[in-house]
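The annotation active site is assigned in TrEMBL to A:His54. Look at TrEMBL and you will find A:His105 tagged as active site, proton acceptor. The Mg(2+) 2 binding site annotation in TrEMBL covers A:Asp127, A:Asp281. Annotation comment: TrEMBL describes A:14-58 as domain 'Phosphoribosylformylglycinamidine synthase linker'. Per TrEMBL, the feature domain 'PurM-like N-terminal' maps to A:84-199, A:454-572. Marked as domain 'PurM-like C-terminal' by TrEMBL: A:212-369, A:586-721. What TrEMBL lists as region 'Disordered' is A:391-410.
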Amino acid sequence: MIDTVKNAENTPDQEQPYKELGLKDDEYARIREILGRRPTDAELAMYSVMWSEHCSYKSSKVHLKYFGETTTDEMRSKMLAGIGENAGVVDIGDGWAVTFKVESHNHPSYVEPYQGAATGVGGIVRDILAMGARPLAVMDPLRFGKPDAEDTKRVLPGIVAGIGGYGNCLGLPNIGGEVVFDESYQGNPLVNALCVGAMRKEDLHLAHASGTGNKVILYGARTGLDGIGGVSVLASETFDDSAGKRKKLPSVQVGDPFTEKVLIECSLELFEKGLVVGIQDLGGAGLSCATSELASAGDGGMHVYLDRVPLRAKNMTPAEILSSESQERMCAVVEPGNVAAFMEVCEKWDVIATEIGEVTDGDRLVITYHDEVVVDVPPRTVAHEGPVYHRPVERPADQDELQANTPDSLPRPENLLELIKIMAASPNLASKKWVTQQYDRYVRGNTVLAQPSDGGMIRIDEETHRGVALSTDCNGRYTKLDPYEGAKLALAEAYRNVAATGATPVAVTNCLNFGSPEDPGVMWQFEQAVKGLADGCAELGIPVTGGNVSFYNQTGTTAILPTPVVGVLGVIDDVRRRIPTGIGAEAGETLLLLGETKPEFGGSEWAHHVHGHLGGLPPKADLQREKLLGQILVAGSRDGMVSAAHDLSEGGLAQALVETCLIGETGARVFLEGDLFTALFSESAGRVLVAVPRTEEQRFTDMCTARALPWRKVGVVDPESNALEIQGLGELSLDELREAWEGTLPALFD
Amino acid sequence: MRVGVITFPGTLDDVDAQRAVRYADGEAVPLWHGDHDLKGVDAVIVPGGFSYGDYLRCGAIARFAPVMQEVIEAANKGMPVLGICNGFQILAEAHLLPGALTRNHKLHFVCRDQWLKVENNSTAWTTRYDAGAEILIPLKSGEGGYQADEDTLKELEDNNRVVFRYVGENPNGSRNNIAGITNARGNVVGLMPHPEHAVDALTGPTDDGLGMFLSLLDTVVKA
């Protein structure tokens with residue numbers, strides 16, 4: 001029997017499985033108070049998914065407010081939409097608006113690597129589409145356990161194949177990302193997916209359902225039983241046993257990239273023809289989320305006829321239909337006069353579209369199923385007025401001990417030349433070609449830079465050559481040692497990577513991956529990281545336009561390294577001025593190191609890879625320096641003074657040299673001063689290795705000196721040598737370096 | 001020069017093929033899979049992607065699309081037709097070209113910059129290249145392994161119908177390192193790598209692919 005509102009009124013004392021659905025006693029009591037009765041099965045399903053940590057941000061909300069508090073009007077001046085929308089939108093000039101966002105799909109990808117990762121890509125792409133933008137490119141920051149662990153061999157190939165399988169078929173170039181290994185991600189890999197899209201400024205679509213009488217149209221794939229996790233209890237209770245036991249589909253959704261590709265093209269045609277008033281994608285929490293968010297963001301109520309939803313399974317209950325996470329679906333609000341034209345476009349693309357409801361003049365979200373009311377709620381209470389937790393926050397007792405255990409006493413190697421090779425072959429620094437060559441980076445023909453470049457870059461406008469650059473970064477070891485400084489360092493690196501391509505950084509997104517919010521130590525890490533990131537953004541003068549929080553990333557009581565992945569978006573007026581990562585593009589180049597090198601080894605790749613050590617303090621972030629460095633790089637690109645640039649991060653100068661030589665397929669002669677170990681392997685922030693044509697050397701270094709940016713000449717590019725020579729140490733042939741750098745991942749995963 | 005570029009549901013590289021035609025001073029004419037005529041074009045490109053999701057088998061459904069019936073008829077009368085990647089698979093399924101494309105031998109999707117040797121510079125699409133020239137253009141496919149029986153391979157080799165061959169390590173297990181072939185008449189060419197992604201060194205590894213579209217221009221002007 002279907003549990004209707006009438007039934008709920010008549011059976012106030014009926015027991016409900018709210019605990020199994022993840023609701024606490026007081027949360028359930030609040031729902032009863034809001035409704036003045038017990039919720040129906042369908043209402044309970046809705047509240048339970050929408051009030052989940054994933055949808056409601058109940059543990060993080062109080063901390064995330066800090067982003068808003070630290071964003072000034074000036075920082076906001078280029079922002080067309082921000083936190084709270086499907087994705088942030090930034091005005092990049094020439095009439096273009098760019099939207100970007102990164103989201104996690106960690107847990108599904110552990111359970112079912114291929115589909116988990118694939119639907120992670122699908123979800124973020126629909127978020128971008130729901131802003132009215134054409135999705136243009138994707139990037140995937142990934143974290144795995146130990147590279148040689150059995151489980152890593154299971155999840156990594158599956159996740160990579162899933163991202164490629166979905167993204168390639170969708171026709172979006174994959175232009176960057178990260179692959180990081182650390183034991184803490186064993187049993188809890190991180191799959192974060194970023195998408196960037198663009199639209200003309202006037203075409204921005206926000207998710208709202210205004211205008212009484214407007215129609216609500218669900219279009220895209222049919223709704224099935226996939227992705228229903230939370231409602232399993234309800235499903236088994238309401239299902240008629242006489243028809244036999246229902247086979248439950250896995251709670252990881254199954255993706256169909258072909259359907260999504262068609263959905264994108266169909267949606268863009270609908271936008272172009274002006275047929276859409278409001279739009280929302282269906283992701284986590286499915287129709288529950290889409291209808292309650294559309295209704296609560298509009299100025300009226302909404303009536304949804306649930307029995308009209310096209311299904312792909314028989315006998316689905318209203319609760320199941322509402323919480324299904326079947327992929328490739330969108331929900332649009334359309335003026336009645338445009339419904340026929342809307343349907344015509346959908347027909348052209350063979351997309352199923354169904355009018356499932358309308359905007360009403362009340363303030364309730366009413367959902368009926370075969371004329372019986374199964375949901376009657378104030379939509380804001382579902383979508384926006386969920387519980388807010390002030391979780392206990394406490395600096396972990398062992399934080400002091402961790403910081404006191406510095407890397408100063410770790411033995412340093414005799415043979416530094418050998419160490420360069422060992423580090424180049426270490427899984428975290430090794431070439432990620434094995435991964436990235438499974439991704440299409442060329443489709444649509446606008447990819448100007450892609451992995452292994454510091455940042456990805458795409459052309460937005462073929463006439464004006466305007467484009468954007470993107471980078472995502474985070475070093476979880478730094479964040480573990482000092483979450484505040486670590487978050488700033490993640491921001492600094494992403495900022496520097498974007499600047500190293502010649503683009504001006506303008507906006508920030510994030511994906512905050514942490515352990516359990518019920519652990520006060522984890523909440524401390526979270527609070528510190530949010531503060532560090534927000535303070536850093538204020539110092540750089542660029543806003544956070546959106547983000548995502550993923551909690552409960554832990555195995556047993558052991559949390560992952562706190563991993564606030566930071567994505568930075570940059571704008572370049574003319575992509576033809578982009579700075580490549582590899583040397584050798586021009587004859588006669590000088591190598592300059594910009595920034596200062598200090599003996600900073602806390603959380604370094606060397607301490608991790610060679611000694612398995614994590615302790616001390618991370619490098620110090622200096623955001624004023626990063627800003628200056630960025631300005632110098634942008635000026636250098638604009639005036640054609642820089643022929644290659646590569647940021648220094650994990651592995652220090654040694655790794656930057658190896659990569660710039662191998663990517664450019666050109667040798668170099670390097671001369672360093674002082675302690676060579678520090679010069680080569682320190683991970684001091686705020687440094688970039690640049691190659692400048694000899695004819696520009698004086699002009700460029702004069703500019704650095706005039707603006708008080710420390711610089712040092714560290715070598716020359718030598719196209720004849722085919723080796724990396726370091727004065728005082730000897731030389732490494734590019735062949736042996738390539739073998740070290742490119743051999744590791746194939747040896748592990750082929 | 002008016003060049004039709006077909007879009008099936010799931011086609012991805014149509015915008016790239018259209019751009020390549022424009023770079024060669026041609027007019028790109030979009031053709032929809034349901035069209036029943038070719039809008040008077042001089043040549044047709046069947047671009048890459050995952051037509052109809054590549055369900056059943058790559059290209060197997062697309063060959064039955066209404067527009068393909070027009071393409072088959074025109075090709076048989078001598079119209080220049082180019083199939084790239086999924087387009088090559090479709091032309092093979094439509095029997096405009098012999099053989100079949102199968103799963104890469106290492107099973108992974110492969111996206112890389114690939115050196116090719118131009119074996120035949122007398123087709124409608126390759127006259128701008130020197131015979132034996134080596135060009136660098138992207139290869140990106142999961143099912144790019146060219147397979148054919150011995151008789152077909154002999155027929156292709158003996159009649160100079162192999163147009164492009166992979167240089168260096170075979171990326172996908174193709175027989176005889178075959179990257180692209182032509183029909184007996186030389187008007188229909190299919191290849192797995194993507195010349196339309198190599199028309200500008202800014203966005204591709206080189207502009208080596210532009211030669212194919214310029215060759216077409218010569219062919220059309222001469223006709």
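Here the Cβ of each residue, glycine as well, is placed from N, Cα and C on the backbone.
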Across all chains shown, how many C-beta atoms besides its own are within 10 angstroms of the C-beta of the residue listed as 'active site, proton acceptor'? 30
Indicate whether A:Asp281 (Mg(2+) 2 binding site) is helix, strand or coil by DSSP. strand
Using DSSP, how many residues in the domain 'PurM-like N-terminal' (A:454-572) fall into helix, strand and coil? 44 helix, 42 strand, 33 coil
Sorted by position, what residues of the same chain at least six away from A:Asp281 (Mg(2+) 2 binding site) have a C-beta under 8 A from it? A:Asn86, A:Gly123, A:Arg126, A:Asp127, A:Leu129, A:Ala130, A:Ala290, A:Arg329, A:Met330, A:Cys331
Specify the count of other C-beta atoms within 10 Å of the C-beta of A:His54 (active site). 19
Is it true that the domain 'Phosphoribosylformylglycinamidine synthase linker' (A:14-58) and the domain 'PurM-like C-terminal' (A:212-369) have 3 or more CB pairs under 8 Å, sequence gap of 6 or more? yes
Between the stretches A:84-199, A:212-369, A:586-721, which wins on the count of C-beta pairs under 8 angstroms to the domain 'PurM-like N-terminal' (A:454-572)? A:84-199
So if I exclude everything within five residues of the ends of the region 'Disordered' (A:391-410), which remaining residues of that chain have a CB under 8 angstroms from its CBs? That is, six or more out. 59, 480-482, 517-518, 520-521, 523-524, 527, 601-602, 604, 607, 610-611, 613-617
What is the average pLDDT across the domain 'PurM-like C-terminal' (A:586-721)? 97
One should report the C-alpha separation between the residue listed as 'active site, proton acceptor' and the residue listed as 'active site', rounded to whole angstrom, as 11
Using DSSP, how many residues of the region 'Disordered' (A:391-410) fall into helix, strand and coil, respectively? 9 helix, 0 strand, 11 coil
